[in-house]
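Student: OK, TrEMBL features for this one:
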type     : residues : note
DOMAIN   : 175-318  : domain 'GAIN-B'
DOMAIN   : 322-578  : domain 'G-protein coupled receptors family 2 profile 2'
TRANSMEM : 328-351  : transmembrane segment
TRANSMEM : 363-383  : transmembrane segment
TRANSMEM : 403-427  : transmembrane segment
TRANSMEM : 434-457  : transmembrane segment
TRANSMEM : 480-503  : transmembrane segment
TRANSMEM : 529-548  : transmembrane segment
TRANSMEM : 554-577  : transmembrane segment
Amino acid sequence: NGAICIQPCSPSFHGETSFICEDRKWQMFTDACASLDIQSLFQPDHGKPGDGAKYLGPDDHGNSNCQADFSCIIPDILSSPAIPGNIADIVELLKKISLLLPENVNRGKMQSYSRIANHILNSSIISNWAFVKDRNASSILLDSVNLFAGKLLLRNGSESIQEHFISTKGYSIHKNTSEKSFHFSMEFNNTGNITGHMVISEEELLKLPKTSKAISIAFPTLGVIMETNRLDPVFVNGMVLSVSLPEELRHILLTFEKLNKLENVKAQCVGWHSAERRWDSRACQMKSDNISSVVCICRHHRRTFKSFSILMSPTVLPSAALDYITRVGLGLSIFSLVLCLVIEAVVWHHVTKTEITYMRHFCLVNIATSLLVADVLFIIAAIVHNRALNYPLCVAATFFLHFFYLTLFFWMFTLGLLILYGLLLIFFKITRSVFMAVALSIGYGCPLVISILTVAITEPKNGYLRSGACWLNWYETKALLAFVVPALSIIVVNVAVVIVVVVKTGRSSVGEGCKSQDLNNMIRISKNVALLTPLLGLTWGFGLATIVDSRSLAFHVTFALLNAFQGFFILLFGTLLDRKTREALRMNCLSSKRKCSLAK
């Protein structure tokens, strides 16, 4: 494909000359350069000529001992362009070095390692990471650096190795040490520096049985690189701070300076889950948040959580308008649904005299009940959304929220089937008991099965909840599809039902005589569904839009506006605009002043 030779590759490894090549899309080392003999750098003997071990002695660049700090490979690496193929190979090189090196990382080796890592962490080449084929490359780099730095030997009780885009500091600590802190001020780009601060409290240090070491590594650009390397839109709003601590120390205090210091940008404290390769809010909780910085209390774990940062999530747009719409809308929705159920209870005996009207009002009551419970659970889920403190409660709230929102749509589906039954199966009579059994199976049975399967499949992988909210996960496991697919499918079916009603009633001629009472009831029900379905469809249509364009405030406001007022729409279109219900209310007004006041 017209490969272009960019730069000759040094024959330092196997005595073969090869080239770094570019095929206009992906760049990669040829086999002779890619298959580096990393182990030869750490062998105690000089090996045989021609196998790479000869470079443990004096090399072409004048280094006296490559084994001491493997500096012989640095000039070739730093002179190579940080193109995607080279980035991938350097990440693999750093991984091999960190895995094969024994427990004796001196200052020279740490400096050399940091210089290599610094080359691919440069802020000027962040965009190149988007074209690295392995999406986990940045995560592998983070794990490799953490592993290597954890082996650092401390001279005179402390060590500090500073590069532009990676900084490593280490201190000897023991239980008699006063509070120990690590402060980093590093360049992020040409516009200025970014700071980070880590503190180990005196209370934590008292847990140490013997003298130990604490290592901290700061990455000002790695958070942005990890965004580039991942498909889910999670925005890191500060530097990444990694720590290597003794097992006895579990809690640390971290302060992050925000990259984006806008007033409406709130932060979320997170830890990097090294096994699952994702940011996890369970690792940290926020202590304070202001316009310029965030203070987090994080739980360190040597196998799981060693790296921490702050996120700015696009799926939760901080907006006073959204908060106001949600609170007012939910309040009005809950009031409307309670009023709807009270009205149904008052007029029940007057409006359920026929089988078809009984079934229709039975569906409406269950729709209102499902949405009422879902709205209340929505408020509870918002209260317990801090998963670090209430994870089991958050799972329970999400499960029931998912279940009752599904029951809302499945009862709408049942109502649609009822309309088709009344229009198309005129001579087929269904008893009330059969209808109740079928309706309850569809309205509550199907949602229960879907909800249980969703939590059973995704929760063992920690993929049931989304980060920072008590609701179904989207980016890792797509658990949200267990709600979106049934809901939108039912909306499509109900739209088809309305079309059938329009076609069926449109073909009726004037000369056919009087319509039966059931047909009139069906027409009235279809009007309600015709009003309800576009509203529900439009609501969740904008819900999909917030997934596609999660940064659009307009989509979020519209979705919140329509979704929060659903209860009011059900009261208006399902109850108050129904002629039979209004007549029944009027009759109750004449018979009882108390009932009249309630109806008004």
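Glycine too: its Cβ is placed from the backbone N, Cα and C atoms.
Structural setting of the listed features?
Tutor: Beyond the ends of the transmembrane segment (328-351), by six or more residues, the same chain brings 357, 361, 364-365, 368-369, 371-372, 375-376, 378-379, 560-561, 563-568, 570-572, 574-575, 578, 580-581, 583-585, 587-588, 595, 598-599 to within a C-beta distance below 8 angstroms of the stretch.
Using a Cβ-Cβ cut-off under 8 Å and counting only residues 6 or more beyond its ends in the same chain, the transmembrane segment (363-383) has close neighbours at 330, 333-334, 337-338, 340-341, 344, 394, 397-398, 400-401, 404-405, 407-408, 411-412, 414-415, 418, 439, 443, 469-471, 566-567, 570-571, 574-575.
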Student: Can you give me the average pLDDT across the domain 'G-protein coupled receptors family 2 profile 2' (322-578), rounded to a whole number?
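Tutor: That region's mean pLDDT is 80.
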Student: What does DSSP give as the helix, strand and coil breakdown of the domain 'GAIN-B' (175-318)?
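Tutor: Computed counts for the domain 'GAIN-B' (175-318) are 15 helix, 71 strand, 58 coil.
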